[in-house]
Amino acid sequence: MPGLRATFEQAVSKHLSAAARLSASRTAAESLGEPAPEPAVVNAESALAARLTTAAAELADTPGWVRIGEGRLHSGGFPMYVPFLGAAHLRLSTAATDPRVAGLIRSIVLQALATHAAGQARILAVDTESVGATFAPLRPLVDGGIMNSPATDTAGFTAVLDQAEKHVKAGLRGEAGGVLILAVASVPPLSETVAARLAALARSGIQAGLYLVAAGVDELPDAVNITVDDHMRVGNPPRTPFGTRDGLAVPVAFDPLPGNDYLVAESHRLADRARAAAELAFTDLIPADLWTDDPASGLATMAGRDANGPVVLRFDDGTPHWLIGGRTGGGKTVFLLDVLYGLAARYSPQDLSLFLLDFKEGVSFTEFTPQQSDPSYIPHARVVGVESDREYGAAILRELDAEMTRRSVVMKRHGVARYAELRAHQRVPRIVCFIDEFQVLFAGNDRLAQEAAALLENLARKGRSYGVHLVLASQTTSGIEALYAKRDSIFGQFGLRVALPGATSVLDPQNTAAQGLRLGEAVINTDGGAVGGDRKIRFPNAQADPTTLHRLRVDMWQRRGEMAPPTVFYGYKPVHIDDNMDYAALVATDQPEVMLGRRVDAALNTARVRLDGAPGRHISIVGGDDAGAQMLEAATASLARQRPSARYLVAGLAEPAVARRTAALLGESATLLSDPAAVAQAISELAETVGPTYLIGFGLDVLNLDMMGKKAFSTVLRQGPATGVHVLGWWRSLRRFTDDVGGSQGKEDVCYSVVLNVPGAELLGHFGMAATSWQPRPGRALLIDRHANTQDLIVPFTDRDRYDDQLMLG
């Protein structure tokens, strides 16, 4: 654009010299009575006209420039273009009651629409002196929703000004979308107040996407002034004058008026084009045949359309990872679904694996998973996390990092260095990991956040070579403390940026292309967010066509072959032991593994601990949450399947209903004790017991053992495992637990501890510094293995009724 403008301005500047000589020649000729100009002047004008015509041809399809007529010279002329959208307003001195002016306004409106992206420009029309006749041939634009029905009286004009002011205010807030053209063919005499409103719109409009072409108004700030007489005299554009004079040095003739048939036909064409852009359907993104694309050189999917047609986004060496930004309700869910289904439809599950994670208030990927009411799923999905924990997100990043290591070994074995080369030897899928609200991973800048940042950096730097790609989505990428030192090294790898309405920090701070985006629009930038690399697209709403979505999902599911369902982690759901496949597979053994819940790891393995004869093989559950009783019941159920002939002592000192249910589950091999004294007596006897015996203690903090009782309990803890005696106990108080096991001297006597709602800071004395990072929250527990020196987040087994109660509470 600057080059074209420079060519135009240089050509006009050179004309000034010729015009000066022409003026001198005319003066001399008139004194001699000789009207003809000098041949040198005519030749100079002809050369000038040729250069200007060439420049104008390049401007003809340039958005923002409009043709207003023909600049006249002694011999011939040149097309006259002036800057409009993006640069200036246009003011004509005469109203459209002059047919030439009416024709020019119609031409400017049609040119502006034709050179702008379909559906991205709208017209507000005003014609009070001709009752809307100026715009009558453009009626199809009204039917197509591009132009209003022209305002024809003072009230209508005032209403149009209200709409224009709303657009400007929204644009200045970064909320308006597209361009609004206020086309004023004629107006009634303006009051001082109305004139001031129009001037204010002109002053603020350009930066907010509002442009005026106004006929018959006295003054208009930031406008190219066009004085109408027999010809037009064109003033200098704001801030970019044609030369040293007040305007163009030659008169400009009006173009011949086109016939109404042409105006109506062109209006229909533009209206149809806008409808086509607005009616982009989800089916337009899906190929006719499923799973036919080859991922060797990269992945690609159509995301939407812009003025130039379909826009295809890629995962390749140039744009290996994507960064997506947008406010809540800005269309992020819809955009991600469009992309995911587009990819899944193009590539087979053997060529594409999807890892899908959302965190709090993120996109829900549940429709990619089998449900009770619908067994179908997207066979490409290998991992789906819904309302995931930070720990689960970090576990998935570890798994992807490990996958890169595995692939590097295979690539070395084949003597290749890139994924595309590996495909010639082994069919491994490309992996795309979508993480919505990814900033949750780095909340707090703690050990987990730092580990996640290091993993993310490694994946971002090396992933492209191994066919591993990342899509990070968030409302903002700023303010993430754990990424301060790694921001450039991580986000510098994310060449493709997608800015949705309300996006911040996704594009370069100097890039304002996303301002004013409307719902269903996005800015695509393949240059890391830099200014100038933007394409503004519209994308369809996949959720608006649930029938097509379901049919596509079922079609892919039916073709899945041996592809297993994805591993699904529902962060909000408790887990029940009856639903656990490992529990169903338990058989009798003399070295039982007690099941406590589900680990929050990539495979969502069952959390289990072995109760064999090694020292410390006991289990403590610590915390006042009643989930402790339900967890102990589930643990006992898993133990009973493996040790059906063992002896069980059930101490029902708290949550007596759960204790009774547990004793009933164990049947004749169980003795239920509800009195603390009876439990203390049983502990004394256990110190002398040999054989498979288990103390299942609900509320052992109630005991308050005396010195002899504590000594007996200490003996059970230290010597019991070797003789087949084990304790599975729930203490509602950490202090009572530490006292009962003998304080610091008894730390190693209980190998396994499950911590519920006990703050991490309180764990330091008994469990050490590493446990202090524990952050208690509902539905989670910390499993500590003192002997293995591990600490793992788990979802404890609880009652099904507990989940129902949570649903009822909302």
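Including glycine, each Cβ sits where the backbone N, Cα and C put it.
Automatic, uncurated: that is what TrEMBL annotation is.
Taken from TrEMBL, the feature ATP binding site covers G326, R327, T328, G329, G330, G331, K332, T333. Among the features that TrEMBL reports, domain 'FtsK' is placed at 308-505.
This view paints the features noted in TrEMBL onto the structure.
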{"residue": "G326", "record": "ATP binding site", "Cβ within 10 Å": "26"}
{"residue": "R327", "record": "ATP binding site", "Cβ within 10 Å": "14"}
{"residue": "T328", "record": "ATP binding site", "Cβ within 10 Å": "11"}
{"residue": "G329", "record": "ATP binding site", "Cβ within 10 Å": "11"}
{"residue": "G330", "record": "ATP binding site", "Cβ within 10 Å": "22"}
{"residue": "G331", "record": "ATP binding site", "Cβ within 10 Å": "21"}
{"residue": "K332", "record": "ATP binding site", "Cβ within 10 Å": "26"}
{"residue": "T333", "record": "ATP binding site", "Cβ within 10 Å": "21"}
Cβ within 8 Å of the ATP site's Cβ centroid: which residues qualify beyond G326, R327, T328, G329, G330, G331, K332, T333?
Q475, L500, P501, G502
On the three-state reduction of DSSP, what should I expect for K332 (ATP binding site)?
helix
